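Participant: Quick paste from TrEMBL:
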type     : residues  : note
TRANSMEM : A:5-28    : transmembrane segment
TRANSMEM : A:34-51   : transmembrane segment
TRANSMEM : A:58-76   : transmembrane segment
TRANSMEM : A:88-110  : transmembrane segment
TRANSMEM : A:137-154 : transmembrane segment
TRANSMEM : A:183-208 : transmembrane segment
TRANSMEM : A:220-242 : transmembrane segment
TRANSMEM : A:248-272 : transmembrane segment
Amino acid sequence: MLNILVFGAVTSAVYAMLAVGFTLIFGVARVLNLAHGAFYGLGAYSCYLLTGRLGWPLLPAALVAVLFVAAFGVAMERFLVRPLRHSALAVLMITIAVALLFEQAMFLLFGSEARNVPAFINATWSYGELDVSGQRLLTLGAGIAIVALLWLFINRTRLGSAILALSQDREGALYMGIPADRIYAVVMAISAAIAAAAGVLTAPFLTVQPTMDLLPMIKAFSIVIVGGLGSIPGSILAALLLGYSETIVAYAISPAWTEIVSLVAVLLTLILRPAGLLGKRAAF
Amino acid sequence: MRDRHLAFILYSGLALAFMGTASFMGAASVTGAAYGEEPPITIGVPTSVQLQVGRDSIDATALAIEEINAKGGVLGRKLRMVVADETENPQEGVAAINKLTADEHVDVLIGGYTSGVTLAQEPHIADSKTVYIEVGAASPAITDFVRRNYSRYKYIFRANPINAAHQADQLIDFAVAKLKGEEGYQKIAIIGENAKWVQDLSPVLKAGIEKGGMSVTSVDLFDPDTSDFSPLFSKIKASGAQYLMVVLSHANSDVLVKQWYDAKLPLPIGGIDVKSQDNDFFKRIGGKAVSETVANNIIPSPMTAKTMPFWNEFENRFKRGPVYTGAGSYDAVYIYAEAATRAGSTAADKIIPELEKTHYIGTEGLYEFDAQHDVKSGPGYLNFAFAQWYPDGSRVIVWPKEMAKGKMIPPPWITGKN
């Protein structure tokens, strides 16, 4: 029971980090970014490169990795997405291309084998039946902090208000003089940075390999559909729902059954409530 | 309405992403030796070129070809190699075989890694009437084709690794004679990846261990893509098992072994773990493989007179030690070359009877084929060497007894030295 409580919370925190960025860029810029998993992978690989190959200490490496991926997100938005924004299909294709490019580049640069990123905390906590590594607890804490900070940023700052305004009424926001392109770049940077942070935090217990972007992409996608496209509270709720459902299934039935949970949730959502749990009906 | 349209695009996009990730190019590349006056004998190497097992197959085949060509080749003809990427996907595997046999007209195929891929390839290999020497996949079903329909499938041989049933026998010997007999363990939990060769191996393993007087507390097969082993570990811990036996090849054992270490699971781990045969495995996962005992087909130790010369040459040349497919491919090229020399021909019908008479001491041991063209295993033939990762990152053979070079050590947290 304690296992389910703690490991479910860790999984949910990782899912929330993946999903909020994905839903944010969709809600604000209407960009379906299928390279979101590549941000996650790029964060982890950058951290591996800096620590494993260049010998940097972990903390500066992690920070530089997150900043690098944020800059990568901005560059991708500026040079690849923005010129194609008039066509949703073209944006979709270019983001898939970036995701595939990421995988192939990692294959070529680092090979197909899994790579190691050191953990921030090596200790293990035991309490009754529970044995949990410090790195997982750190991921849980950092996940909660990141999502809370994002919430405060959007609801309590001027820039956050501009982001909200753009997501609610693009034309109205433009009339008010809000610089849409600059805001899109900021949102892409935030989205990429949060995904990269998830990659850096989970890499020590999941390792790093070229195809690591696909599963997080599917999870982010499933959560956003269940929670409601464009809704951050919906994503957090769905992350908790899927994180805990998967953990319960893993403990009660078998870990082999976990992957089907999110797919069933997506199917049920589309049949019963196509707009998602907290999505506006208009959003779908 | 527009958003509905968007949703449709979104799903199509995701489907495309899946397909993009799943499909890898099956490009073939050619490595030629110097051509003699006679046309060269072409060795086709179907393997997973993106993996260490595949790269080692290619490099070791090239090394054997170079050595044989330096001594004048086979039947006065030089050897050359053509590679095709079979990935780990049966469809790509069949395409690779068709490319090598129909387009490249190779004389022999030496390769393979994934049992499911080889099984899908076999009818195509038989159709092409090309001799195939397996060097990577372990399912007994592969050579069962030969037993069931010799005239159609006589082209199929397996030189390496020993098949999953033989592997099970050697794991049982390790469990009963070493773990129970010498270390005093009574209860074992078995986990493995959900793949054909493990489905074949795990029932035999369980029955054998129980027959040896130990109890098997659980057998769990998991998806090779599993990334979180906490639920499985928690179940194993609760089962009261004293030793965790793994049966892994394709699964990401980097993650499994790391999480075993991080969770400080109160039981040692060991068994078949192909990723942990990699020489850099210990370093790759930050030293967390410490005390894992791994069944190796080849290890830098004089298993035969040929082991160390091959190992050293491979290491000098490619700056890494070989894994089992490397040793298997290297030996398979020599086995083929000797059979062709004895047959005086490269025609399949002439070579097959000679391959059946193989008695060749290679880098891994003595190679002989049984009636269904499977390499023989056991004392005197090919054997596993169970080697344990020591804290300094070296590997020390702990079983079988006659090869053992050191004592078995427990995980550091069990001895309280962590």
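Residue numbers in this text run from 1 along the chain shown.
In case you wondered, yes, glycine gets a Cβ from its N, Cα and C as well.
Just so you know, TrEMBL annotations never went through curation; they're auto-generated.
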Participant: In terms of Cβ proximity under 8 Å, which residues at least six beyond the ends of the transmembrane segment (A:183-208) contact it?
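Facilitator: Here the qualifying positions are 14, 17-18, 20-22, 24-25, 28-29, 31, 33, 36-37, 39-48, 62, 65-74, 76-78, 81-82, 114-120, 133, 135-136, 138-139, 142-143, 146, 150, 153, 159, 162-163, 166, 216.
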Participant: Would you say the transmembrane segment (A:88-110) and the transmembrane segment (A:220-242) are touching, if the rule is that at least three C-beta pairs must lie under 8 angstroms and be 6 or more residues apart?
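Facilitator: Contact between the transmembrane segment (A:220-242) and the transmembrane segment (A:88-110): absent.
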Participant: Kindly say whether the transmembrane segment (A:137-154) and the transmembrane segment (A:58-76) touch, using the definition of 3 or more Cβ pairs under 8 Å where each pair is 6 or more positions apart.
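Facilitator: They do not touch: fewer than three Cβ pairs between the two stretches lie under 8 Å.
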Participant: So if I exclude everything within five residues of the ends of the transmembrane segment (A:88-110), which remaining residues of that chain have a CB under 8 angstroms from its CBs? That is, six or more out.
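Facilitator: Sequence-distant neighbours of the transmembrane segment (A:88-110): 30-38, 41-42, 45, 48, 76, 80-81, 209-211, 213, 217.
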